[in-house]
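*Asks:* Input: one structure, supplied below.
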Amino acid sequence: MAQAGRTGYDNREIVMKYIHYKLSQRGYEWDAGDADAAPLGAAPTPGIFSFQPESNPMPAVHRDMAARTSPLRPLVATAGPALSPVPPVVHLTLRRAGDDFSRRYRRDFAEMSSQLHLTPFTARGRFATVVEELFRDGVNWGRIVAFFEFGGVMCVESVNREMSPLVDNIALWMTEYLNRHLHTWIQDNGGWDAFVELYGPSMRPLFDFSWLSLKTLLSLALVGACITLGAYLGHK
């Protein structure tokens, strides 16, 4: 596989294609085409997601509120070094790892979805609370996969609740967090190429916490309890 160099791959492309995949698993279509419809590295354009079946669009005031009511700062697109195109094997390996994660905890994820209580006013706060707990004790590949899968759950739940414009925001928040908080760790640990080598066809186990209920951990995180979810989410 071609090495991406120090700058790495485009996190936005990875996020967009992962979300597209998770939504397609539930029968939601993305009519805007490929994730590269907007320039690489740019913030997602409002309204680029379109779903079937069609639902009533969220009022503009709610879309704005979803972006403003959050402890996370908005992502500002800045010029930087050119990022390498993401090899298909990276997307494929991440999808397989996410599917493995969701299969192991299918019932827990289903129950967690019902507990999210997503609204345009609470979505970003929910995202921030869970992600901060997830990485409280540091970063590893298992936690990164859990991060992607949680983002996918939020996107699916948003569409299920007829709040599909939230998907644009969730994609932005995921990209923002990857760029600001996870990118350096990923590059220092061999980049996404290392992830593929470690967890590709052989699928080295990422998740070794079957004795602990994911539902319990994520439910506690959702209400802001000070637990360390990340400590149980795999190993480097």
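Every residue gets a Cβ built from N, Cα and C, even glycine.
Pulled these from Swiss-Prot:
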type	residues	note
MOD_RES	THR69	phosphothreonine
MOD_RES	SER70	phosphoserine
MOD_RES	SER84	phosphoserine
MOTIF	10-30	motif 'BH4'
MOTIF	90-104	motif 'BH3'
MOTIF	133-152	motif 'BH1'
MOTIF	184-199	motif 'BH2'
TRANSMEM	209-230	transmembrane segment
*Asks:* Which state, by DSSP, holds SER84 (phosphoserine): helix, strand or coil?
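*Replies:* DSSP assigns SER84 (phosphoserine) to strand.
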*Asks:* Looking only at Cβ atoms, how many others are within 10 Å of the one on SER84 (phosphoserine)?
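*Replies:* Looking across every protein chain shown, the total is 17.
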*Asks:* In this predicted model, what is the average pLDDT of the motif 'BH3' (90-104)?
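*Replies:* Taking every residue of the motif 'BH3' (90-104) together, the mean pLDDT is 89.
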